[in-house]
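Asks: Would you mind keeping the following structure in view while I ask a few things?
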6 protein chains.
Amino acid sequence: MTDFTHLDDQGRVRMVDVAGKDVTRRVAIARGRIDMTADTLDRIFGRNVKKGNVLEAARIAGVMAAKRTADLIPMCHPLNLTHVRVDFFPDPGHNRIEIEAEASLAGRTGVEMEALTAVSVAALTIYDMCKSYDKGMIISDIHLKSKTGGKSGTFLADRYGHP
Amino acid sequence: MTDFTHLDDQGRVRMVDVAGKDVTRRVAIARGRIDMTADTLDRIFGRNVKKGNVLEAARIAGVMAAKRTADLIPMCHPLNLTHVRVDFFPDPGHNRIEIEAEASLAGRTGVEMEALTAVSVAALTIYDMCKSYDKGMIISDIHLKSKTGGKSGTFLADRYGHP
Amino acid sequence: MTDFTHLDDQGRVRMVDVAGKDVTRRVAIARGRIDMTADTLDRIFGRNVKKGNVLEAARIAGVMAAKRTADLIPMCHPLNLTHVRVDFFPDPGHNRIEIEAEASLAGRTGVEMEALTAVSVAALTIYDMCKSYDKGMIISDIHLKSKTGGKSGTFLADRYGHP
Amino acid sequence: MTDFTHLDDQGRVRMVDVAGKDVTRRVAIARGRIDMTADTLDRIFGRNVKKGNVLEAARIAGVMAAKRTADLIPMCHPLNLTHVRVDFFPDPGHNRIEIEAEASLAGRTGVEMEALTAVSVAALTIYDMCKSYDKGMIISDIHLKSKTGGKSGTFLADRYGHP
Amino acid sequence: MTDFTHLDDQGRVRMVDVAGKDVTRRVAIARGRIDMTADTLDRIFGRNVKKGNVLEAARIAGVMAAKRTADLIPMCHPLNLTHVRVDFFPDPGHNRIEIEAEASLAGRTGVEMEALTAVSVAALTIYDMCKSYDKGMIISDIHLKSKTGGKSGTFLADRYGHP
Amino acid sequence: MTDFTHLDDQGRVRMVDVAGKDVTRRVAIARGRIDMTADTLDRIFGRNVKKGNVLEAARIAGVMAAKRTADLIPMCHPLNLTHVRVDFFPDPGHNRIEIEAEASLAGRTGVEMEALTAVSVAALTIYDMCKSYDKGMIISDIHLKSKTGGKSGTFLADRYGHP
């Protein structure tokens, strides 16, 4: 049976036990962006997209996805978020929209994944609403901008948009 | 009541009626990548991540997310996917992993969103599994690589990894 | 064992087999309304609600709920809706908003429940978005307005708003 | 960019931050009713409905829906309900069934939406179980009967069943 | 990169493509049982369980779980079931309840998992409803009793209740 | 109306109120097994199953199912699990795999159902991954092995594998 066990030990997935962690206020902010054609950007902000208000749909989808993070990401702990915010920052100079999401709660584990999931699903929703005009849109630079609370303390991305 | 209606018309979201579309075989392939430190890449492929087999978890999460696309993206039609595939291509020269997902079915509407969602959630899962080592990982370049079937015909991204 | 079986037969829930039904185009339209104070109605259409665009949130929630009807209603069959529409008709004379939802598909079973669920969840979302101003709102008169397709044929409510 | 931001500010949906609210015991009771033909009411209480025990299915659907409120209502906070109750009160004089749901927990935000959602989905389930006999059923008068706990204190509907 | 790929090939999970399979009528029947004390069995059939009608709750939970099989089992295809049935057969001689579930549809892939999931969740629900009386209940012998339709043809378990 | 009420009282399902229970650390361990042919067992541990790494898929499915227990089991309370673990113990002498799951949290109600659900869904996933080779697999002996915390205190199954 040793061999079997050995094979099994190479990488069995586990949900880390967070029972021993402190309940602290935890906040995470994630960012990302979606690049598109100038025409698509105009349509979105000119409310000229056949499927409807793109950013409102994306915002709602992002908030709802944040609440379902533990359903999507296998080893994420289920959490009772107390706040989610999704905002959009158009950047007409680069034909893109920056997306920022913030999630927070008082709990035993961080909310980075909730913020990152909100950004990702908001971006996917923008793609879906506009894909009949522009299938070449690209979702990029999804990263954790900052995080506070918890044992690992504060994290700040060195600079925006870098690897 | 005119004013109210006018306001309401500016951007009310709708789920496009696809009843009139033909049932054809539809395939979509999406790609994206996640950049990380060299150490994180080594851990993933050396099976040295405390949370377990990163790519297996990400693959399963990607497939399961593809099946739930219509739950996440507000105006997506519910579909009965006949196939989903998620693959990873390590690129040690750039300290990144390329992610590719393919979705297909015989139906009345395309499966671009399913493939893009699979890539996004697979990338988020990689982030989650490794975030205790590397909070600076960046998810990038999520785009539709190709699509076949349906009235709009074949789509091919101009070139890989472009904006 | 007879007694046990007898007890069990009194009302065991079943999901009716629809395999023998024809695949036809099926459309259902449901309506309902939500009554509120004049001030709340003004806030909604004046875009003066702190939680944001009430009708856009309600519309999206209604469409998404229609897609999840089989998850909510125990004996509903899972369906691949091809279209959902949710619309709002303000009635300032009565301080209310009429809600109408339409669902359709080509399938073996009707979509009444999908349309009724969309109306219900859209109404609940209006309540949620405005409840800090007006806890006395009342959701009423949710009914099937019409239905076409299927063996039972066309159904038209005798008149609007009746019991 | 100002114009874009301005447009965006008109109604962007947000999930209110409840982190600062006190953890108190919170209870909400909602009511509603469903009107039907005398024959349908007889079938339900006579256990003569082909799809099975209508009220048991409706009760279970209502409780399960209460637990999924945050999945359905976009800006609702996810909560760990400690109790849900759904009860039915036949009113043969009016050919209707009154539905009452109670939800409670110790938390930072109220449970009105959970109680209202339980009533709504219980009513929809009654409709679904009986719709082959009676497509004209009407769901009405869904309202918050009372609420205790939280900063806004106790709420009592002025009177039962009013608009 | 060869080593990485080699590692990756050892067991990457895939959802088999069923697009080439025929649409045929497919039926699967699964069985299982739950063993309990004589007192617990009496309580269930005597309707003397504080949490309510055990078998009705279990039946509904089983049907609802069948509809969500593709959400639970990673590589299961999403399906539109046309029928689910869950039945209970008390066996007082052995202090157990036999559980049988049947699922069917016209589709490209079998419904074994749907029937097995219905049995499993029905059994878990019986456990949950009665666990305050009897934590020693055991769920056993969950197996596929028969299956028809599809390329692999008819399957019949050699004999009932065997290992 | 008395008769109606009387009927209704016989077994109406309820979600027990746990608000008065203490918040304590609660741990539950469940076990079960799946019997198969010697060939299937060899394939699983030899990584020779076409659908991929069986145990990794089953482990992830088990953990994810534990998080969704309250969605599946009608009267289960929603919980924020802090830990889930799923392990497999091959028993080549009997051509079976033992499955063990542990769930824990600090909360007002036990996590027995979460551990039992994880075992059940892990077993179903093994079945699904291998069913093209072996439709005769049998899932058995799913039981609560131990439980600590809460008013009812510690529970230990008398002995392993008994009825």
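Just so you know, the numbers here start at 1 and follow the chain as drawn.
For all residues, glycine too, the Cβ spot is worked out from N, Cα and C.
Among the features that Swiss-Prot reports, substrate binding site is placed at D:Met75, D:Cys76, D:His77, D:Met113, D:Glu114, with the record citing sequence analysis. Annotated active site per Swiss-Prot: D:Asp128, in sequence order, evidence recorded as sequence analysis.
Help me see these features in their spatial surroundings.
Replies: Cβ neighbours within 10 Å of D:Met75 (substrate binding site), excluding its own Cβ and spanning all shown chains: 22. Secondary structure at D:Met75 (substrate binding site), as computed by DSSP, is coil.
Around D:Asp128 (active site), taking its Cβ as the centre, 24 other Cβ atoms fall within 10 Å, counting all chains.
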Asks: What is the Cβ neighbour count of D:Cys76 (substrate binding site) at a 10 Å cut-off, with all protein chains included?
Replies: 24
Asks: May I ask which of the binding-site residues D:Met75, D:His77, D:Glu114 is closest to D:Asp128 (active site) if we compare their C-alpha atoms?
Replies: D:Glu114
Asks: Sub-8 Å Cβ contact with chain A: please pick out which of the recorded positions D:Met113, D:Glu114, D:Asp128 have it.
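Replies: Listed recorded positions passing the 8 Å Cβ cut to A: none.
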Asks: Quick check on the binding-site residues: of D:His77, D:Met113, D:Glu114, whose CB has the lowest count of neighbouring CB atoms inside 10 Å?
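Replies: Looking at the binding-site residues D:His77, D:Met113, D:Glu114, the Cβ with the fewest others within 10 Å is that of D:His77.
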Asks: If you measure every Cα to Cα pair among D:Met75, D:Cys76, D:His77, D:Met113, D:Glu114, the residues listed for substrate, what is the largest value in Å?
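Replies: With D:Met75, D:Cys76, D:His77, D:Met113, D:Glu114 as the binding residues for substrate, the largest Cα distance is 13 Å.
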Asks: With CB distance below 8 Å as the criterion, list the recorded positions among D:His77, D:Met113, D:Glu114, D:Asp128 that sit near chain C.
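Replies: Near chain C: D:Met113, D:Asp128.
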Asks: Taking DSSP as the reference, which of helix, strand or coil describes D:Met113 (substrate binding site)?
Replies: helix
